[in-house]
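Colleague: As annotated by TrEMBL, domain 'Helicase ATP-binding' applies to A:304-471. What TrEMBL records for A:Cys534, A:Cys537, A:Cys574, A:Cys577 is Zn(2+) 1 binding site. Look at TrEMBL and you will find A:Cys543, A:Cys546, A:Cys561, A:Cys564 tagged as Zn(2+) 2 binding site. Annotation comment: TrEMBL describes A:569-723 as domain 'Helicase C-terminal'.
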Amino acid sequence: MLEFADAQYTDRKTLFVEVILPLAIAKNYTYRVPFELNNIIEVGKRVVVQFGKSKLYTAIVTAITEHPPEKYEAKYLLEILDDRPVVTDRQLQFWKWLGEYYMCYDGEVMNAALPSALKLASETKIALNKEFEYDRAALHDKEYLIVEALDIQPELTISDISKLLSQKTVMPILKELFEKNIINISEEVSDRYKPRKRTFLTLNPAYQGQDNLKELFGILEKRAPKQADAVLAYIKLARHQKAISKSELIEESGAGAASINSLIEKEVFIAEEKNVSRLYFEEEDLDANFELSDQQQAALVSIKQQFEQKDVVLLHGVTSSGKTQIYIRLIEQMIAQGKQVLYLLPEIALTTHIIERLRQYFGSSIGVYHSRFNDNERVEVWQKVLNNEYKVVLGARSSVFLPFVDLGLIIVDEEHETSYKQFDPAPRYNARDAAIFLANMHQGKVLLGSATPSFESYFNARTHKYGLAELTERYGGVHLPVIEVVSIAEETKKKTIQSHFTSVLMTDIQQALTNKEQVILFQNRRGYAPVLLCRICAYTPKCINCDVSLTYHKHSGKLHCHYCGYKEDTPSICPACGSTHLEYRGFGTEKVEDELTLLLPDARITRMDLDTTRSRNSLQNILNDLEEKKIDILVGTQMVAKGLDFAGVTVIGIINADSLLKYPDYRANERSYQLLAQVSGRAGRRGKQGKVVIQTYDPAHRVIKQVIENDYSDLYFTEMEERRGFHYPPFYRIINLDVKHKNSDILYNQATYLSNELRKHFGEERVVGPQVPLVSRIRNYYIQSIMLKFEKDGVSINKVKTTIRDIITQFQTTKLSKGSIVQPDVDPY
DNA sequence: AGCACGCCGACT
DNA sequence: GTCGGCGTGCTC
């Protein structure tokens, strides 16, 4: 098939390459290298190969050998796409580890790791980059042909182009066009990240002197009194705050938007659009030259000392304690040593202006890697990391796949965040855990930061596997909120409780309203009442699909299933016995909102839960209203816990903590703790000390105590374990198995089978589960976890992993688990 | 992931 | 008699 000019190649060895194909297949494949490419073939370069009858794929070379395969004739690889490797040896090693650890195929790891523009395949879609201007005359004939064809038909596949040029090797041409920014490769028509903008106003310096202002007033007062009001309001506001937004000024001055616009037109005000963010992820106000507080300084020193002995340090710092400043100091030191730093953030936190803040510090040496950036940008970051041009990368979980050359430090901010875990598709990796392995490969260090660390990390810190540094004070002297626990039982007895609101909470709410401050009330259940109960026969309507009790929603007047979305009309008589004595039991956000409206008719109350934020902009609208103080009290589910930052919120009320506390397993304890602590952290952040009221029937509950004391040393105990007789923390080695299948029955059998097998191997008492997080039922498959616990000096983790692997292989061959995927999610050491 | 091969049901 | 459903197996 190939012709060679005989003498041209001095090196006539026949070479073969092992490649990874971007497919979910078990094996790696071998291709033959054409002689003329012998000199340039290299591990880590991309090659184009034919796989199957007609499909072309981009594959990564993982090994070069001289041994021809024995059982078949290898096909020739068609092209080499790169002048130098795009994937480093270390990355290949990392991929291999990740694939084994999370039990998936190499090809799946490759798919997750490489930006799609680096993975041209015959079905890859090509389109023109409309945002880029260039000189068409400068294009080569073939490039011109492609561009013209794309004018007529906006999207072509690589095989289309192959036909168009009637030649097979089109990928190098496309690669060239991509690098010239002329085309886009397989860009998903996804909503790209748009930062939220707001208009800020500043007074034109020309009017800033006393005299100038007087003159301006003179003119405005006569001709446009509204505009004069606006300028006056501006001056008033400017006394207390640095940045003044247009909407604030409109509200303060009472002048319409039109007046303000005409002032902008007259250049009295200078308008400037700025990105703003309402999501709060430890992005304290950073002054250009900040000084660390004594406590921060001590933490920094402690972290550095611990890094001498430990690879991972957990920085446990309360909300607003200034973790970011510590990160910056550490990053500076790494850069000074010429090493790279990866700063991982959960997806949502990246949309904030923390990026801008860090750019101020690290200028052009900082790169941002985010799944919502387009592929051109992603490939650019990839190349710059590979060239060691970017010293710092700020990124979401997928940035652990970047080709770092010399990684000195990985910071995992908000370490507990579940968005570090990829659930679907494979590889179902946790970027925090992968980061620990990655850093280890580079002999780098990892700093995990969180105000509410995950149990795994906290446990590892307490058992001295990780180092631990703590920040217990807020930065800038603002005190942590006061937490008051109120017994619902007691207030009920004293009859001081009104509906669901204790006298303590009511007093605090009223105080806040008087001070024109805002309140967030947290009730972790949406709808009006979670159970409808017949008082005569105890019948409760259940979902026909999920067998859980239906929640009454007053808004729709129907009963809803919160798992599958099933709805039915609310019966007025009991379907079982015909009685009319139907009773609503329990309460959700709707009821809280309802009853609060009755008690505080003048307060502006809004509800924020899945039901009120389902439509496109409703979440944004609620957040805007809250920010602009159009809302006094926000009633919400756990949505309010995630990083909402509003200066005006001083009181947080947890309506009923018990619904969070009654679950038996330790994961639920962790979640409850985190939710309570996160919600509490929203109170009074800027300047004013906040107040948190926790209402509960069980004021002595351990989790509540931990929240108050900001310590979770004992959370590993759970009620259930106590009942079963565990009186000291068992030495947990937790294996979460994500068992996924579209057919839940088969799945349940698998998980049960697996845990039974594990019981046989490791003993009855060590295996907990399978546990099904119910949320995932919505998508019609389950992700289950099986937890193994070992007391000290128990079985080694490797033994456990090997056993699991054996069991899985077994039941894959017995066809019990056809189509299922079982992945362990264990601590990477 | 594709794609072919193959074995059963409902159709012009 | 054939069209087409998706189950199974293979791709260097």
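The backbone N, Cα and C atoms fix where each Cβ goes, and this holds for glycine too.
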Colleague: Pull out the binding-site residues from the set A:Cys534, A:Cys537, A:Cys577 whose C-alpha sits within 10 Å of the C-alpha of A:Cys543 (Zn(2+) 2 binding site).
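Modeller: Within 10 Å of A:Cys543 (Zn(2+) 2 binding site): none of them.
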Colleague: Counting across all protein chains present, how many other Cβ atoms fall within 10 Å of the Cβ of A:Cys574 (Zn(2+) 1 binding site)?
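Modeller: A:Cys574 (Zn(2+) 1 binding site): 21 neighbouring Cβ atoms within 10 Å.
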Colleague: Say we define neighbours as other CB atoms within 10 Å of the CB. Which of the binding-site residues A:Cys543, A:Cys561, A:Cys577 has the fewest?
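Modeller: Comparing Cβ neighbours within 10 Å for the binding-site residues A:Cys543, A:Cys561, A:Cys577, A:Cys577 has the fewest.
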Colleague: Kindly state the mean pLDDT of the domain 'Helicase ATP-binding' (A:304-471) in the predicted structure.
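Modeller: A mean pLDDT of 89 is what the model gives the domain 'Helicase ATP-binding' (A:304-471).
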Colleague: In sequence order, which same-chain residues at least six apart have a C-beta under 8 angstroms from A:Cys537 (Zn(2+) 1 binding site)?
Modeller: A:Cys574, A:Ala576, A:Cys577, A:Ser579
Colleague: Between A:Cys534 (Zn(2+) 1 binding site) and A:Cys561 (Zn(2+) 2 binding site), what C-alpha distance do you get in Å?
Modeller: 18
Colleague: Applying the rule Cβ within 8 Å of the centroid of the Cβ atoms of A:Cys534, A:Cys537, A:Cys574, A:Cys577, what extra residues of the same chain belong around the Zn(2+) 1 site?
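Modeller: Surrounding the site, in chain order, are A:Arg535, A:Ile536, A:Ala538, A:Tyr539, A:Pro575, A:Ala576, A:Gly578, A:Ser579, A:His581, A:Leu582.
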Colleague: What number of additional C-beta atoms lies within 10 angstroms of the C-beta atom of A:Cys534 (Zn(2+) 1 binding site)?
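Modeller: There are 21 such Cβ atoms around A:Cys534 (Zn(2+) 1 binding site).
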